[in-house]
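Written out below as structure tokens is the structure these notes cover.
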Amino acid sequence: MYGRDPWGGPLEINAADSATDDDRSRNLNDLDRAALSRPLDETQQSWLLGPAEQKKKKKYVDLGCIIVSRKIFVWTVGSIVAAGLLVGLITLIVKTVPRHHHSHAPADNYTLALHKALMFFNGQRSGKLPKHNNVSWRGSSCLSDGKGKQGSFYKDLVGGYYDAGDAIKFHFPASFSMTMLSWSVIEYSAKYEAAGELNHVKELIKWGADYFLKTFNSSADTIDRIVAQVGSGDTSGGSTTPNDHYCWMRPEDIDYDRPVTECSTCSDLAAEMAAALASASIVFKDNKAYSQKLVHGAKTLFKFARDQRGRYSAGGSEAAIFYNSTSYWDEFIWGGAWLYYATGNNSYLQLATMPGLAKHAGAFWGGPDYGVLSWDNKLAGAQLLLSRLRLFLSPGYPYEEILRTFHNQTSIIMCSYLPIFTKFNRTKGGLIELNHGRPQPLQYVVNAAFLATLFSDYLEAADTPGWYCGPNFYSTDVLRDFAKTQIDYILGKNPRKMSYIVGFGNHYPKHLHHRGASIPKNKIRYNCKGGWKWRDTSKPNPNTLVGAMVAGPDRHDGFHDVRTNYNYTEPTIAGNAGLVAALVALSGDKTTGIDKNTIFSAVPPMFPTPPPPPAPWKP
């Protein structure tokens, strides 16, 4: 009998071997008892009996790539689980416990003062006020300015800014104010943005620029006259005719006639207004239609300034009493420089860099007021503005010689601001006397602080650590320190421990020479003379004109907080514009620096593009 061997080959089954299981069982005793007594190993036992119970745990754990001690393995896994539970618990606590939001580092004094200094312009607005003006005691005013004159080149003159503590709109210092604000935005837009004031200051500039466009035929290419002033303040000869100086009234209550002063030979005013519109066009360069409108107006004004020569304050005009212009040559350089930056047209640069113009403007003969930027004399500002061109674009011939001269002159001006030099005296409290001890010093001080900080930032941006005063080298930090000491004086670091900015600090002037601030808004209309009692009272002003910088202390650091003494307590938009510029320049992080390129947006490449390489030669 054959079966199949699973290992291959036949398997023979003998009949003798086919005994039953019972037969084999009976014969077990016949087996080799020595073989049965031999112990079986684990493998053999598992074959026969299945897995046996382990008598004790293994000391090691096989992880595949490594064998580790069981004890270490258990501790490691346990630690990981415990750490995970702890992290989860901490996360749960952090998520459920109320958060305490930590505020950012407090703003520096310059930024805090900047917020307030800009608010002053909200308080000076004329015309129909926007809903968000944020000066509760002000309202729309002088809504009839310039209306009702048939055949005039203007439709109305509603809007703009009141000059100071009165309600007159002087366009010469107002234009300078807007130019300064625009310049500060062009250079320091990132700092305005960081302070949350960029939209605010641009809105203030637009308010001024829109008004200037009303003061001449801005759609024409050629004009023959412009408006120089709205309102009147002449009280000479004991005149009792109601006007903006004789009367003490809230602007909202004015009911007397407000004359309009026109001029046909006013090169200084027209060139300054051109500078204001040109600089504003750079601020609003992203709004192409509006920017082009401003540029067109600036070109028209500058052409008028060049064609019909004369000082706007000549001939015994009222402007000569309050804002007399000494010349128009500085405005030609200033306006020409701004128009070049706004248009990129080289004809404006050629004009601004004419040595003859610089000579007439006083660039080469010095004098006691050399280096003092003001609403009257813009030479120091123009010199710095054109030095910027040399520092960053270096146009070379034919401009290099005069630009190098302006650069050197700017360096000398900066030297004159330093305490080590004696061109300007200082009060015992440290205030530089740029107007040589005359009243109302602060407007000149803030302009100098702005120029010094800006020149310092120009040098930093040009990777220049400083500049020379004669044989001595001074770092840019020296200029910033000068600017800081002067602004700190205004903010309260002075012998009287008084802030000269209304609303800043705890001790500031309470009797501001300002009609709107001194008369309560109590639904009572005080007529021309009825407001005199508020002018003459010794009580503090009922309204706070936040951010107003007063005229300043005297040469002995003395200050009289008396409303009737405008030489101490009257603010002006020209003064505050310089203050805003200086504050934003010093505010925030020094590393932010200036915006090097925006001012050059319209300027074409200084040098022509090189021609393409010749085509490869073919035989």
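Yeah, the Cβs are placed from backbone N, Cα and C, and that goes for glycine too.
Unlike curated records, TrEMBL annotations are generated automatically.
Straight from TrEMBL, the features:
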REGION    1-24  region 'Disordered'
TRANSMEM  72-94  transmembrane segment
DOMAIN    110-583  domain 'Glycoside hydrolase family 9'
ACT_SITE  H513  active site
ACT_SITE  D561  active site
ACT_SITE  E570  active site
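A gap of 9 Å separates the Cα atoms of D561 (active site) and H513 (active site). Across the structure, H513 (active site) and E570 (active site) are spaced 5 Å apart at their Cα atoms. Around the Cβ of D561 (active site), a 10 Å sphere holds 17 further Cβ atoms from the protein chains shown.
The Cβ of E570 (active site) lies under 8 Å from the Cβ of A164, G165, Q440, L512, H513, H514, V550, A551, each on the same chain and at least six residues away in sequence. Using a 10 Å radius centred on the Cβ of H513 (active site) and all shown protein chains, the other Cβ atoms total 25. Looking just at the domain 'Glycoside hydrolase family 9' (110-583), the mean pLDDT is 97.
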